[in-house]
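Per Swiss-Prot, the features are as follows:
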- Asp126: active site, proton donor (ACT_SITE)
- Glu127: active site, proton acceptor (ACT_SITE)
- Tyr149: active site, proton acceptor (ACT_SITE)
- 11-12, 38-41, 61-62, 81-85, Thr100, 149-153, Asn179: NAD(+) binding site (BINDING)
- Thr85, Thr125, Asn178, 188-189, 204-206, Arg213, Asn248, 271-275: substrate binding site (BINDING)
Amino acid sequence: MNLLVTGAAGFIGSRYVHHLLEATRRGREPAPVITVLDKLTYAGVLGNVPDDPAVTFVRGDIADAPLVDSLMAEADQVVHFAAETHVDRSITSPGTFVRTNVLGTQVLLDAALRHGVGPFVHVSTDEVYGSIEHGSWPEHQPLCPNSPYSASKASSDLLALSYHRTHGLDVRVTRCSNNYGPHQFPEKIVPLFVTNLLDGLRVPLYGDGLNVREWLHVDDHCLGVDLVRTQGRPGEVYHIGGGTELTNRDLTGLLLDAFGVGWDVVDPVADRKGHDRRYALDCAKAADELGYRPRRDFAEGIARTIDWYRDNRAWWEPLKKRPAGPAAPPRGSGP
């Protein structure tokens with residue numbers, strides 16, 4: 001089986017490829033032949049991609065139709081992680097998010113349709129729903145995105161599902177809660193705070209810090225995505241959550257305690273525009289249909305994540321110096 005994985009030099013995509021290889025080594029899955037397509041933007045790290053004979057890396061843009069067509073011609077299935085994901089950057093540069101997240105997804109869908117490739121697993125986010133005060137969202141909740149990032153992801157979700165409804169393409173959509181774990185680019189809250197605290201620096205906290213997020217270890221996310229790929233139904237949406245809800249203030253307190261420092265290192269900053277107050281996913285469908293359950297205890301997972309960043313300065317220190325530019329240097333010419 002030939003599997004095309006987009007965005008697999010990034011945080012979640014690379015962990016997914018590792019997940020597949022580990023499942024193969026343990027005999028849980030037949031060995032796939034994996035092609036990774038990644039543009040290597042500022043957040044892409046070629047070293048994240050496993051150095052394995054089963055994995056081929058192709059540097060390229062998902063919006064490059066001829067390239068995508070040539071790769072899709074050799075593929076049996078697709079798992080699509082590639083996306084611009086940072087909310088703050090989407091507010092200042094929305095065009096980049098529309099081009100990659102919407103137009104890039106369209107290019108992939110067109111090529112998959114031409115070559116009869118499926119399933120096409122489209123990986124998305126809980127942010128497409130907006131904000132929920134109480135309870136949790138089911139998969140049929142109407143989308144109400146509040147940032148250019150989440151609007152671009154909502155658009156790509158709807159586009160992907162339309163290819164199933166219009167053309168019969170085997171599209172399956174996953175929507176996850178906030179991820180954390182090793183190899184996460186240090187612009188996101190957990191690695192930003194952890195690396196700042198390791199360096200004795202201050203950490204920023206938006207607004208009153210009472211925005212609530214549900215936390216999901218990246219390995220549990222990868223487990224859920226692969227269950228959808230192998231057992232999910234065409235045209236369906238599945239939620240993949242971690243089950244641990246924390247305010248940003250609570251999360252900050254946990255990280256401060258882990259480093260033995262007080263709140264005097266926290267800088268309150270003005271709240272982000274359109275900052276969603278609370279996210280929460282109802283994951284009963286994935287549990288009932290696929291047997292999905294998160295396996296990682298949050299306290300253990302966050303402790304191991306801190307240890308990983310403490311032990312891997314050589315990975316994250318160069319990344320914190322990178323400008324948020326169009327692309328990182330290729331292998332051999334950079335960190």
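Here the Cβ of each residue, glycine as well, is placed from N, Cα and C on the backbone.
In the structure shown, across all protein chains, Lys153 is the one of the binding-site residues Lys39, Lys153, Arg213 with the greatest number of other Cβ atoms within 10 Å.
Taking the Cβ of Asp61 (NAD(+) binding site) as centre and 10 Å as the limit, one finds 19 other Cβ atoms among all the protein chains shown.
In sequence order, Glu84, Thr85, His86, Val87, Arg89, Ser90, Phe97, Asn101, Glu127 constitute the residues six or more apart from Tyr149 (active site, proton acceptor) in its chain with CB-CB distances below 8 Å. With a 10 A radius on its CB, Asp126 (active site, proton donor) counts 26 other CB atoms from all the protein chains. In sequence order, Asn248, Leu251 are the residues of the chain that are 6 or more apart from Ile189 (substrate binding site) and have a CB within less than 8 Å of its CB.
A strand conformation is recorded for Arg213 (substrate binding site) in the three-state DSSP classification. Under the three-state DSSP scheme, Lys153 (NAD(+) binding site) falls in the helix class. Annotation: Glu127 carries the greatest number of neighbouring Cβ atoms among the recorded positions Glu127, Asp271 [cut-off 10 Å, Cβ to Cβ].
For Asp126 (active site, proton donor) paired with Arg213 (substrate binding site), the C-alpha to C-alpha distance reads 10 Å.
In terms of local Cβ density within 10 Å, Ala82 ranks first among the binding-site residues Ala82, Leu205.
Around Phe11 (NAD(+) binding site), the C-beta neighbours below 8 angstroms that are at least 6 residues distant in the chain are Ala43, Asn48, Asn179, Gly181, His183, Gln184, Phe185, Val218.
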